[in-house]
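Sequence annotations record features per position, and here Swiss-Prot assigns active site to Asp120, Asp138. Per Swiss-Prot, transmembrane segment is recorded for 9-29, 64-84, 96-113, 133-153.
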Amino acid sequence: MAKQSGIKWLWLSLVVITLDLFSKYLVVERFELYESINILPIFNLTYARNYGAAFSFLADHSGWQKYLFLTLAIIISFILANVLRRNQIDQKRENMAYALIIGGAIGNAIDRAYRGYVVDFFDFYWHIYHYPVFNIADVAIVMGAGLLILETFLDKKKKSD
């Protein structure tokens, strides 16, 4: 019997996309732009718009970056979906990582295509120093990248044993 493909992990991408888009919908519907609600002494929910990439990279350009980031998200998602298709279903950490990255990339791409920008709202700070505002899709991408790094170290350790 043939082994099952890792493509079945795309369910996780759908969960990320759903949570991401729903959270952004709630923020846009209930907050004014730049409105902030303090949740903890180091954390606010703040409605911000990001016209660029991570940390608002290229946000101050004339609009071409929207198409660049959309194209990159689509290409990366297709490449990673192909990797999932080739992986075995039991490669859990690696498949989970790719699915998280795909979900985050598509969540932000949908936002960018629909609105022309990405809605961000998680605002962590210490005194007057604010970390760049981000969203659930960004968290998924970072978690996926972190899992890939972890998998690399664990794989090296396993091979050396």
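Note that Cβ sites are derived from N, Cα and C of the backbone, with glycine treated the same way.
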Residues of the parent chain within Cβ reach of the transmembrane segment (9-29), under 8 Å, 6 or more residues beyond its termini:
45, 47, 81, 84, 89, 95-96, 98-100, 102-104, 106-108, 110-111, 119, 121, 135-137, 140
Measure from the CA atom of Asp120 (active site) to the CA atom of Asp138 (active site) and give the result in Å, rounded to a whole number.
9
Using DSSP and collapsing to three states, where does Asp120 (active site) fall: helix, strand or coil?
strand
